[in-house]
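Below is one structure, written out as structure tokens, with a few remarks after it.
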């Protein structure tokens, strides 16, 4: 027992290493750009001030989005999806798998659940003792079920899901902007150092290395950002892109695709002025998502129109609750 706790403690400590690497590179880039390039190398005062102003805007937005991606806790299923004491007792005392499945089916009748396991059964997490809402998955690293889980990202040491997916996308976009701005403004001085027009010194190493690092990170981020833009346009998570969500009618990769505009609004909200600011504006509460085809994907457990409308009300009501009320 003590050994397993020690291993978990070591795992938590080591999980911060990728974050420390990124932080160290960013802090070095700040020193190299502000001091070695702008203050010690660029002779023109106007150019120096202009570069510093734009650089600090990019740096602040990058740091803000990175912070929000790291420290926004994953949203977890609310208490409605947890088994009550009596249901838990019934479920645990029942030894027959078919009977256990039937118990879960009865409980799911009251909930807006439309996806199934590959076997067709109600998706249930034995570790968290919850019925999984649509698009919810258990993260073995975070040791909890995460609403609309996309993936666990070691570079932010956090699960990317409903609560911080917008922040993660903004982090990628501002990272690209940060890198391309550095590369574009450093380029002319990179050439001057390269051909020997500027004297050798400590600034030469920093400027040359800054150019290579900025371009390297930009290229890698460009592919990752492009992939996630495609996922948002299709309304898929990374997990759903590899394994299609299963509905009553069968697997459907486009089950949650309701059109590009509405897909964007689910992640960024309806107020476009807030799209590029790292504040939470995503629609809903992470427990229910509109479906592409209402008739094909209808949950037979929600037997009538009133139950379906209650599910949609569950989604709309979630747009007005804070993130704190989503987590347990």
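Glycine too: its Cβ is placed from the backbone N, Cα and C atoms.
Nobody curates TrEMBL annotations by hand; they come from automatic prediction.
Quick look at what TrEMBL annotates:
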- 12-33: transmembrane segment (TRANSMEM)
- 49-67: transmembrane segment (TRANSMEM)
- 122-242: domain 'Palmitoyltransferase DHHC' (DOMAIN)
- 167-191: transmembrane segment (TRANSMEM)
- 203-227: transmembrane segment (TRANSMEM)
Check your understanding: Which of 12-33, 49-67, 167-191 shares the most C-beta pairs under 8 angstroms with the transmembrane segment (203-227)?
Key -> 167-191
Study note, to complete from the structure: The predicted model's mean pLDDT over the domain 'Palmitoyltransferase DHHC' (122-242) is 95
Exercise for review: Run through the domain 'Palmitoyltransferase DHHC' (122-242) and tell me, per DSSP, how many residues are helix, strand and coil.
Suggested key: 69 helix, 16 strand, 36 coil
